[in-house]
Structures are given as structure tokens and as C-alpha cells.
Amino acid sequence: MNKKKVPKATLQRYPVYLKALRRLKKYGHTRVMSKELSELVNIESTTIRRDFSLLGNLGKQGYGYDIDTLIDIFNQQLGVDFDEKIILVGAGNLGRALMKYNKWDHVVGEIACAFDINPDRQGVRFNIPVYSMDELEEKIPEGCRIAILTISDNVQGTVDQLIACGIRGIVDFTHKHVQVPNNVSLKVVDVVSSVQELVFETNNLDNKGE
Ligand SMILES: NC(=O)c1ccc[n+]([C@@H]2O[C@H](COP(=O)([O-])OP(=O)(O)OC[C@H]3O[C@@H](n4cnc5c(N)ncnc54)[C@H](O)[C@@H]3O)[C@@H](O)[C@H]2O)c1
């Protein structure tokens, strides 16, 4: 299906619909009425029906909407792949907190498996298999592009290893400076710098109030 021209306000509701639909699918639902969806997303059912009617004749009286069909359409409309198979490297304190959270499946994908050098950290944690780093090449999911890095040692060596296994995007929590080639993206997440920035910003706000 081609992308349709839809109003901006409608477009902004698509991710909200998609998230709810994916959740419904996950819990075994195959169809949904606009009224049920309305309760889930807190949007009027008349608005939902109008939004959906822009995408074609999708609903059936008394049956509602087919969830798989809607998910396909919204995925196409948004042009995003919500099924990323993400890997996590370093199943320590931070890594395990992220594995426990793992709610990305309604939005971008999910942590499919993790890796750690420490045998004590391997096994299944929060329903996610944690493998040894020696198994990286063998266990990395097919087509996996994104890795979350929560390790404490040999960061550059591990990044190089991940890239050699096809990783193209890294969310880096380690506080180390690492080099990546041009065809790999690195997003650094650093709570400490964020706090520092906030301290600076709040100081400025305080000064403005004087
Ligand atoms: N970005 C932030 O805001 C932020 C906040 C806290 C911690 N950190 C950083 O996150 C990292 C993890 O912190 P933590 O508290 O979870 O540490 P942790 O020691 O609890 O966990 C690190 C885990 O990584 C494993 N590991 C170490 N080197 C590895 C490698 N080369 N390959 C595979 N596994 C490896 C260890 O066995 C361990 O299980 C550290 O680098 C820490 O400095 C960042």
C-alpha cells in the first residue's frame, strides 16, 4: 500500500495506535472494536474511526478491525521497523535493569539475547538468554543491527567485535571513548553528564530569577 496523505494530527496518533495494537496482539487478540481501542489509548472512538477511514475501508460492522492488518498498515505508514532484534552486551547491574525492563517490543523491538564474559552472569535472566562472548558470532540473531553496551572492560575491543558481527548501531552506556567507522552509529547515554547539564541549567535559571 502507498503512503496516504493524512493530517499531521492524525499522523501523530499512529504510533499511539500501533503501540496499543501490538500490545493487544501480544496478548492474543486478533480484532478490536474502536470503542475498546478508545479506552486503551484514551482517544475518542469517533476520532479513531475517522483516522482509520483515511487508510481505507478497514472496519466491519459488528466485527471491528483486524489487528494484523492495522499493524501492517501503520508500520508501512510510519516507515519504521518495530521488530528490531536488539542485543545487550554486559549483563551486570545496568544491563540486568535494562533486561528486566525490556518493554521495547511495543515500540522498537526487544532485547533478543545478551552476552557476558562472566560465566556467573550467563544463563537465562528475565526470560532472556545470556550467552558467553565466545558464542557471539553463533548466537547473534539474524539481521541484528543494534547493540546496547553495558560492559566495564575492553570496550573498544568489544565494539570492534560487534561491528565485525554486523552491528551498525550501538547504544553506549560505558563512559569510554570508542571509535567507530562512518557506517556505524554510536549513541552515548550518560546520566552523569545529564545531571551536570541540569545543574548548569538550574543554576542559570536561579540567576535569572534574582
Ligand atoms: N551511562 C551511565 O549513565 C552509566 C551509569 C552507570 C554505569 N555506567 C557504566 O555502565 C557499565 C556497566 O555498569 P554496571 O554497574 O552494570 O557494571 P557491572 O560490573 O555490574 O556489569 C558489567 C558487566 O559487564 C561484563 N563485562 C565486562 N567486560 C565485558 C566484555 N568486554 N564483554 C562482555 N561482558 C563484559 C561483566 O562481566 C559484568 O557482568 C560500566 O561501564 C559503567 O561505568 C554508565
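Just so you know, glycine gets a Cβ as well, placed from its N, Cα and C.
No curator has checked TrEMBL annotations; they are predicted automatically.
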Of 16-55, 136-175, the range TrEMBL labels DNA-binding region: 16-55
Across the DNA-binding region (16-55), average pLDDT on the 0 to 100 scale: 93
